Every structure is written in structure tokens, then in C-alpha cells.
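Notes follow once the structure below has been shown.
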Amino acid sequence: MLTIQFLCPLPNGLHARPAWELKEQCSQWQSEITFINHRQNAKADAKSSLALIGTGTLFNDSCSLNISGSDEEQARRVLEEYIQVRFIDSDSVQPTLAELTAHPLPRSLSRLNPDLLYGNVLASGVGVGTLTLLQSDSLDSYRVIPASAQDSTLLEHSLATLAEQLNQQLRERDGESKTILSAHLSLIQDDEFAGNIRHLMAEQHQGLGAAIISNMEQICAKLSASASDYLRERVSDIRDISEQLLHITWPELKPRNNLVLEKPTILVAEDLTPSQFLSLDLKNLAGMILEKTGRTSHTLILARASAIPVLSGLPLDAIARYAGQPAVLDAQCGVLAINPNDAVSGYYQVAQTLADKRQKQQAQAAAQLAYSRDKKRIDIAANIGTALEAPGAFANGAEGVGLFRTEMLYMDRDSAPDEQEQFEAYQQVLLAAGDKPIIFRTMDIGGDKSIPYLNIPQEENPFLGYRAVRIYPEFAGLFRTQLRAILRAASFGNAQLMIPMVHSLDQILWVKGELQKAIVELKRDGLRHAETITLGIMVEVPSVCYIIDHFCDEVDFFSIGSNDMTQYLYAVDRNNPRVSPLYNPITPSFLRMLQQIVTAAHQRGKWVGICGELGGESRYLPLLLGLGLDELSMSSPRIPAVKSQLRQLDSEACRELARQACECRSAQEIEALLTAFTPEEDVRPLLALENIFVDQSFSNKEQAIQFLCGNLGVNGRTEHPFELEEDVWQREEIVTTGVGFGVAIPHTKSQWIRHSSISIARLVKPVDWQSEMGEVELVIMLTLGANEGMNHVKVFSQLARKLVNKNFRQSLFAAQDAQSILTLLETELTF
């Protein structure tokens, strides 16, 4: 017997998704494989995902796999690599509690005296609809169905039908839906799930209905006893597939409580299973209130992915009496507004207007090319492993794909993908990209990414071993097939080719020879293909740094693989806990190496990118910009924030920062430099067209202040519009800011304003400003930084003096548009 010992690396513990993947990895071997959680003293068949889930394994638990059988040597080698390298990728990090904290109730809402119920935010957003109560299903009618001689046949038929339905949904879905459906499919195909139902029928003489329910209750009891919130919340998945199985078996007995949404609806339920959520018409699902759903339930993951706001912590009996009434679910402030009056409805209409503006602006910003504040261009690309990830990456603002990991096509299967399968996968991502560049990294397999069907012997140091370009000559046919597939796909878009683990010029010369052979073959075969293709290499072996000049004669670009390069430069295995603290790319030696690569390549007209984890680290963006990199490729969710940060950076200041960092003596000195580095603020004028509005319709004073503060948030002049609004209201409560002549000047000095601003709204109809000076039809709001000194008094005084002038006031009221108001103020005022 052979053993693999490890600490569980999964942040959420061993739940359905990673359990299914581990089961799949173990099921390909003849050997018996037992999973042991030493903390729990729990053992499980590693070829059963349900058994694995039942071990209650949490993050950092001490675990082992015991392997015994004819292929135990090979199984241990492959499984050890999987546990060390890829097991953690089967889990996903959920939003933290801090990310889901509700905003304090804005004064512009609380002053309207809404009828509110307070809950906990599970998925952010705002939804308006009719409160609709969904009663939980009772399973009692299934439990009392008598046993029948046909029960075994019925069970097999129902399991097959449910599997067929799930497979059909898998073909129609993508993203989180597909992932969760895959987990459900794996559960019903698990031997333990069906086996225990059969056992309950045979040994305890239960009818099929009772056996399905008993099996569900037994599994749920194990999960409910877990110390992990995440594992406890998998109860909903077990209940979901069990209830689906019951309904398929006896559809005539009682239909599941599926709801048809014919109008905008706020759904109220004790809980909702993933399949129930997927059956809803999301166009009419305005929001959900779920009494028992936790922060990591699969239903909640689906809701977040679909931008459906969700609250919890509201007892059903407190809401039931409001069923059928209109409501607003505000999962930004964590409240449910019951039967809102006109003023409250008006508040949320303004909130929706601001949200629409923000969404439109974010979409436009993501679509813009990435530039620094002084217009230094840098490409921002995405790292992906499948064509399905491409649309999401482009939606996040990716200007291309800097790393397409083609090895994903070769993993977790019994044989290599053929040319046609690869061609279709590569073509799919190129068609999705349009004219955006896609860099296909040729298969980085072998070594640390063991592929059973290649039969490469086990190595002591797989990261330094027989992998990537090093195996291509032995598997020349496999490599040529991939080249042919990429060249064929390249005729449909902007494809580029990148070779991993290159360390010598001979390797790239051999690759270029194989590339020419593939082109000749495709011509001979009469297949559509690209005649030429841009060729680059991954710079991850330090030896390449010293002969960049020679490589510039043979390739078109370089992409630095910072993950492996860091390991090789320091001789550090980042998966070894004893030396992993030494793994740090932000050191003088690493930065000098990057500087050397970029300088040598640029001198010869070649571009340099980086595609490791470092490329998406916002803290180090000033250094990467300063070093002169042409491209940063990263996980696509990081792209919007990186683009936004880049626009605030001056490339010359960053270049000086990088120069100083390369002169440092230690990583600690570099970190201190970064901490002290303060990018110059993008100076914005006090008056700007984006903050001036004419012919605005507000019902009250609250809406005016809400809109003007919210608009500053949309325009990036504040990152805290709610807090800024509170400062405005605090000043307003000292003395109302109506100044007469139909004008109000709300104002504040605030730490929450990033760029001091004057905002103006000229109203269609005057509103009550709750001032002795009468109604207001022109609002001029001053929001000045807390460090402005007495400048706010100067600005306020100038405005007040001008407003006394009748001609000036008349000009403001008569101005045809926002530009005319801006021109008038710029002419008349001096700041």
C-alpha cells in the first residue's frame, strides 16, 4: 500500500464540487483508494463523492490517500501531482462578509419615513416587485407509498431520467449554472447515493418513496453535523436532487412547488433549491428573501451570477401578512420597504437611474483600451483555460487573451484530443474574440502535469523535469497535431503561438521547423489555414535572460511566466511549506532580471508581457508599468480594477519608482518604497459638464441631494456617495441652505470627496426646501475636500454675491443647456 499525505488546501472544505473532481481522479485507477481525514478519524471510499463529503473535511485538515492495487505506483504519482497542483482549483472563493456589508440607511431615504423590515445582505442590488410567498413542499405523501415489486425498476428508470434531464440542462447552460448542475449529476451517479436507497428497500423493506427520503435525511444529517458552514449548506443540494427524483417517479402525485412569474416578483421562501431557481423566469424575478439560505449555498451563487438581490434574516411569519403587496428589496442597505409611498418609490427611481448610469459607464470604461494617466499604452489581457471563459473575459474588458492554456484539453481523459476537437476549441475562442489577439500556449504537459496516456516515468523533481517543449521531440506527432489545429483555427482570427519552458535557441529552431512542416502538410491536405503565425516564447527559465538578443532574431514576442520563473530563479518549490516563504517575485534580483529582459527586447523592437499571478497584483502595478512591460495578462475578474488603477498612474513617476526599486538591497526596502509611493491625483476642475443638469424632475429635497451625491459617485469624484450624502445632510440640519430667489446651496467639507466639485440641478418644477426662503428650482451643491482650508468659504461667498445679482440669476434660469450654464459660471466665477 502507498500513501499520499497532505493538508486540505480547499478554503471551503471538501464539498460537492471538489469531491466530484477527486472522485473522478481516483476512479480511473484499478487500485482501491481510501481517503482519511485524521482530524475526524473518518474514512471514505475515494471513488464516492458522497462518501468524501461525509468525512466533514475542512481547510487545513490533515488527510491522506491510501492506495492499494496493481497500478498503485502510477496512481500515486498522478494523484500526488493532482493534490499538490490542481486540487485547489476545484474550489472557489466566495465573497467575504465585508464585501456583503449593508450600507447605512441614507438620510434621503430615512427622512421619507418608509415602512422597513431589516435583513442581512446575501447578494447586493435593488429589486421592485410584488411579494410572493412560496410554501415548502411536504414529502409525507411520498413517504407512505407502499413498497412494490416494481420499485427497483422504477428507481433505475428515475435515476436515468434525472441524469438525462441534467445532461440536457448542462448542454444549455454555462458558468455557475453548469458547474452546479455538474455537481448534482455527480451526486446521483454516485454509487453510494443509489446504493443506500437499494439497501433501505432490501434490508429495511422500505418503499421506494420512503427509501429516497430516508437516504436524503441520512446524508443531510451528516452534512448538518459538519463544523463547516459551507458543508452544512450542501443540504439544499441533497434535498434538491432527492425531491427531483420523487417528482420524476410520481409526477401525478404532487407537482413540485414550481412558480410561474408573470410580473416582477420578490420571492419569499424558507429556502429555494438550485433546480427551483433555474426553473424561474429571471426576467420577472426582482429579488428573493430566503429565511434559511446561507452565504455559500448554490442557490445564492446562482443568484449572484444572475444579479438577483437576496436578503436573509427576515422570518417568514413577519412577511407573510404582506403577501401580494408591492415592495422594494434593497440589498444595498439591507432593508425591505413594504408598500412604498410615492416619495419612497421616487427615491428608488433615482437610485435606479444612478445604477443605470454607473453600469453604462463601467461597460464603456471596460471597453476602452488601457492607458496610464499620461497616455502610456499597455495591453490588458486575460488568462483562460477554455473557450467558455472567453466571453466573460472580454466583458470584463480583456483586450485579448495573453495565455490560453491548451493543456487543459489534454487532461482528465484516456487519450489525447484529436486535431478536429482541438481545431473546434481554438476556433471557438477566436470567433468570440473578433480581431482581439489570442495567444495559444502549446501544451505544457509532462513533469508536474502528468498525463497517464503518455506513460512518462515518475520524476523526483517534476517542476524541473520532462515537460512542455522538452517532450515535444519524443511526441512529435502529438505536437504536430496541435500545430495543425492552431494553424487551421488561426485563419478565423488573430491567433498567436507561444512555446513554454524554452531554455535554448536550439529548441525554438526545432519548433520553427515543425511549424513549417505543419504548414506544408495543411497545404497538401487542402485545408484552410494561416500561412504564417506570430511566434513567441514563455520566459520562465533564467538561462533565456542572457541570450534574449539571439531569441529576438527568431521570435516575435516574449511573455514572462512569473510563477515558474520565481521558483527557478530562487530554487524554491512554492508548494513546499518549508521554503515557500522564500517565494517572492518582488525582490531586487527579480526586478533587475525583468528590467534586463524588457530593455534587451525593446532595443530589438520586440514586445514583452507577463502572464503569471504577478500581472494581476494591483499593489505591484506601478512597478510593472515602470519597468516598461507592454502587456499584463491576468485572471479576468481582476481586469476592471487594474484598468481603473492604471488610469491614475503616471508612467514617468512609475519609471522612477522602478529604478529606485532595482537599487534596493532587500524586498523589505521595495515594499517600503511601494507603501510611500503616492500617485499624483488626476486633477479635475471644480466645474464640469458631467455634474450639471437642466430640466430635472425631483419630487422633493431628498431626491435632489440623493441624485447629486450619487452622480459624483458615478463620475468617480467620490468612492463613498452614501457617506458624502450624510455629510451634506449634517450640514443641512444645522441650518437649511435655501438662500432665496428660488436657489439652494447645500454644501459640505468632507473627507469622502476625492475631487472637489460644484454640482448643479435646474428643476422643471420647484420643490419644498423646508426653508423660510421658499421653494427651490435651482440647486447648486458644493462638495469640497476636508483639506481645502478656507477655500469653501471663498467659493460659497462668490456664489452668494453673484446670486444677489438679478441678471446673473436670470441668465442661469434662462440658459438653454448644461454647456451654457458651465460657460456662464466659468466666465463669472474665479476660484
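Glycine too: its Cβ is placed from the backbone N, Cα and C atoms.
Note that the structure is predicted; figures quoted are calculated from it, not measured.
Swiss-Prot lists 1-90 with the feature domain 'HPr', giving sequence analysis as the kind of evidence. What Swiss-Prot records for His15, His298, His747 is phosphohistidine, and it gives a curator's inference as the kind of evidence. According to Swiss-Prot, the active site, pros-phosphohistidine intermediate annotation covers His15, on the basis of sequence analysis. As annotated by Swiss-Prot, phosphoenolpyruvate binding site applies to Arg405, Arg441, Asn563, Asp564, Arg574. The active site, proton donor annotation in Swiss-Prot covers Cys611.
Features as recorded by Swiss-Prot, highlighted on the structure.
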residue: His15; record: phosphohistidine; CB count, 10 Å: 27
residue: His298; record: phosphohistidine; CB count, 10 Å: 27
residue: Arg405; record: phosphoenolpyruvate binding site; CB count, 10 Å: 19
residue: Arg441; record: phosphoenolpyruvate binding site; CB count, 10 Å: 25
residue: Asn563; record: phosphoenolpyruvate binding site; CB count, 10 Å: 16
residue: Asp564; record: phosphoenolpyruvate binding site; CB count, 10 Å: 22
residue: Cys611; record: active site, proton donor; CB count, 10 Å: 29
residue: His747; record: phosphohistidine; CB count, 10 Å: 21
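In this structure, the C-alpha atom of Arg441 (phosphoenolpyruvate binding site) lies 33 angstrom from that of His298 (phosphohistidine). For the residue listed as 'active site, proton donor', the nearest neighbour among the listed recorded positions (His298, Asn563, Asp564, His747), judged by C-alpha distance, is Asn563.
For His747 (phosphohistidine), the nearest neighbour among the listed binding-site residues (Arg405, Asn563, Asp564), judged by C-alpha distance, is Asn563. Asn563 (phosphoenolpyruvate binding site) falls within a helix when secondary structure is assigned with DSSP. Secondary structure at His298 (phosphohistidine), as computed by DSSP, is helix. Mapped onto three states, the DSSP output places His15 (phosphohistidine) in coil. Note: the CA-CA distance between His298 (phosphohistidine) and Arg405 (phosphoenolpyruvate binding site) rounds to 28 Å. DSSP assigns Cys611 (active site, proton donor) to coil in the three-state reduction, placing it in neither a helix nor a strand. Each residue of the domain 'HPr' (1-90) gets a DSSP state, and the totals for helix, strand and coil are 36 helix, 23 strand, 31 coil. Here the Cα atom of Asn563 (phosphoenolpyruvate binding site) is found 28 Å from that of His15 (phosphohistidine). Cα-Cα distance from His15 (phosphohistidine) to Arg405 (phosphoenolpyruvate binding site): 26 Å (rounded to the nearest whole number).
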